[in-house]
């Protein structure tokens, strides 16, 4: 059964919708550590593998914690206990810290207390999720989960008992995965799948708008395509795998020259990270073309004052070209040790990772559909 991902570009204002959760753009763990001058030390102590998210072993779901940025608030239990979570299309499990977790990372986050919820039920299933810098382990349980006013009954979710030390630098408490059930750790049913099966959404899709210029203004909407968040035409991209939201990318070009993904490659559209991960050789080539040079952290940077002359990068997905200016594919990070004598800021740009298309001027719609009709009306499963 073919499913479709939708990319919508040239976006504008914000409006009301039926089921909408506001997202906050917080600092990533990487940005926080870089600003404190601790990234090099911490990343050496807890080696970071950005590709870990997309390399699965057994039934352990993989994800990435250094570059998560956008989070919203959900509640679990009766009465409700509130948590900040990353809405992550690159993983499928919901999990939050618990009172049974004594790890350092749990001490500065909100912890779920099962004994305070009258609707909570334990399972006998363990949960283990591998991160780029460590792992989370715990158990699975059932409870009522409220997302933007939608109450999802008997939702299975993870209750952490151990968390990697690196996760103490995350702003969010946990993660709400929006990928397919096939990659869910321990076979847990994802939240959105239960929304669909319980008839809580009018259309079997969700949409995401990620604002780049302010902490507020980003949203995730369930059951709706938010027409006020974009102008222009809808571009439908067929998925090549019902695991992650995976699509075919034809090439990455600069000034008409192929600089990465020569001959085509697979790409995963991921709201759970503010970066794009790619092969070192490809990313090194992009760095060279945009004039990026290695900084003290081992990443590559460009000077803020040079962005006007820094070339655009075009990502072509299934024959559709999406061109980004330098302001859209770079992230400005204040690093005290990196201030030049003139006071200009260096910008974290590339290395094994580059800032994500989903982190700038793009809205994404994620239909769980069996087909697309010729007049672009959505069809349900």
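Every residue, even glycine, has its Cβ placed from backbone N, Cα and C.
What TrEMBL records for 88, 270 is active site. For 101-106, 261-265, the entry in TrEMBL reads disulfide bond. According to TrEMBL, the domain 'Peptidase A1' annotation covers 70-381. Among the features that TrEMBL reports, signal peptide is placed at 1-17.
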10 Å Cα neighbourhood of residue 270 (active site): matching recorded positions from 88, 101, 106, 261: 88
Candidate nearest residue 261 (disulfide bond) in space, where candidates are the recorded positions 88, 101, 106 and distance is Cα-Cα: 88
Listed disulfide-bonded residues (106, 261, 265), ranked by Cβ neighbours within 10 Å, top entry: 106
Shortest C-alpha distance to residue 265 (disulfide bond) - which of the recorded positions 88, 101, 106: 88
Close in space, distant in sequence - residue 101 (disulfide bond), Cβ under 8 Å, 6 or more apart: 111, 138, 160, 161, 162, 163
Euclidean distance between Cα atoms of residue 106 (disulfide bond) and residue 88 (active site), Å: 20
Active-site residues: 88, 270 - member with fewest neighbouring CB atoms within 10 Å: 88
Local confidence of the domain 'Peptidase A1' (70-381) - pLDDT mean: 81
